[in-house]
Amino acid sequence: MSVSNLDEPLVPPPSSRKLPDFKKSIKLKYVKLGYHYLITHGMYLFLTPSIVVVAAQLSTFSPQDLYVLWDHLRFNLISVILCSTLLVFLLTLYFLTRPHPVYLVNFSCYKPEVARQCTRQIFMERSRLTRSFNEENLCFQQKILERSGLGETTYLPDAVLRVPPNPCMEEARKEAETVMFGAIDELLEKTNVKPKDIGILVVNCSLFNPTPSLSAMIVNHYKLRGNIVSYNLGGMGCSAGLISIDLAKDLLQVHPNSYALVISMENITLNWYFGNERSMLVSNCLFRMGGAAILLSNKRSDRRRSKYQLVHTVRTHKGSDDKCFSCVFQMEDPKGKVGVALSKDLMAVAGDALKTNITTLGPLVLPMSEQLLFFATLVGKKLFRMKIKPYIPDFKLAFEHFCIHAGGRAVLDEIEKNLQLSDWNMEPSRMTLYRFGNTSSSSLWYELAYTEGKGRVKKGDRTWQIAFGSGFKCNSAVWKALRTINPAKEKNPWMDEIDQFPVEVPKHLIVIANESCDPKSLKYVLGRGALEYEKFLENKDPEFAWKPLEDEWHSIAYAFDNCATKTIHFLQKRTHLAEVSDKEGGS
């Protein structure tokens, strides 16, 4: 148990970084966009009632009525031609406009060897031995590691773990080949698909784009066919995995009877930051080695053996806003060291993108009861100027499982709070962050593998994958389980240790106690009315004042697990702060 120093740098009000409360505002244009999607695919909804009415009318016909109708058509050539033409037209329209179903046959996640595991101790030892970081920034990284939600068994590539480190093109290629080929080999073994049968290839890796491309490396290694349709997506951040899925889905609509192979990964070797800019050091502490391979198919014969069917994809891009565009930015520091800088506006930007995305997705997935409640509240607020809070739909009624990009503990905490999700809903994301770290775009597949490993996926279950990425983008994919997944028959990175999860990840809580309170009695105080800072601000203490900022990144590191909501340092005459850890017996 430790008590924070009042002289430490303070953080200003968190409104600039905190995920916005979705209850405060919903932009009508995004609701319209969601209903536009619904109407675009709603031809069958309009045709179905007509068919039902016609069928009901025909059911009232007696045999005599049917005979009279047939007799009329038999002697009326024009009526026969018109009816036949209409029938052929409707059937043709149906088959031409019907989208091809997209099935997820199977997927695999790469699990590195034990030799590549990086504990916090190894991380700090290697960081110190590089002699690239000053002592203050070594402490900064230590604090983030302790509070980021990452465990002791994440993985880093050989080039980073080596002493001295060897970040070069050759090592980066080795890492890429190890991850991609490891995941693909396992996937081909699972599905019994031959490389020559694959007609579409989509690879996404944000920060490593060699020549020849990563997709070309796969074509060469597996000797894929010469007319393969291949794409290599770069620079699109952690949400690129779902962009790849969306691209593959569109390609499968125009290439019948095809398999699409999607590879999602990130490369650590050439993107490790060896400077002392704190906004660039955070990524060192969060990103880890990993990748996933996914096999999609539009063959109706594959439905029986496939795991899921893709139901919806929704993509949101906020790049037209300068603040959103620059909040995750690869650049050189003043000394020429290349790294990825994270803006302090990242949380607010992510929240805005998430709000836009889920407002568009809502009309496509929510039950009619939730949509009516939401729409009625929206009409009352917008048209009748009623002073009511917008209704936040219960997405747990639309989905059984949630796979939220494991970007960091703070983001997961905020999404859990704003979408009113349970610990059970968040478990796959939190355990993936703990066990594998932030593996960028592939983290969603480690989360889905965790859900399968726990035996949670039943036939008909719906899974929501949602990811954030530079640009700034927020993307969603909705999958429907075609069969119950038997974990005993699964081969995924969790199966040899799934019984060890979930684990308890210690939480750090900042509280306010009276100045006379002995730190040793804080556990009692927490249970007897101590306030979190949000509650303190709600009380609007007239004597509360923010201390001018010196170095906000220090305060962020101090409790990175909830930097946007609870880890605030401030000065007030009759208060002091204390940090209490669950691990140390706190509340």
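Counting starts with 1 at the first residue shown.
Glycine is treated like the rest: Cβ placed from N, Cα and C.
According to TrEMBL, the feature domain 'FAE' maps to 94-383.
Broken down by DSSP into helix, strand and coil, the domain 'Beta-ketoacyl-[acyl-carrier-protein] synthase III C-terminal' (400-480) contains 38 helix, 21 strand, 22 coil. Residues or ranges marked as domain 'Beta-ketoacyl-[acyl-carrier-protein] synthase III C-terminal' in TrEMBL: 400-480.
The transmembrane segment annotation in TrEMBL covers 33-55 (among others).
Under the heading transmembrane segment, TrEMBL lists 75-96 (among others). Long-range contacts of the transmembrane segment (75-96) within its own chain (CB-CB distance under 8 A, at least 6 residues past either end) are absent; none are counted.
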Rounded mean pLDDT for the residues that make up the domain 'Beta-ketoacyl-[acyl-carrier-protein] synthase III C-terminal' (400-480): 96
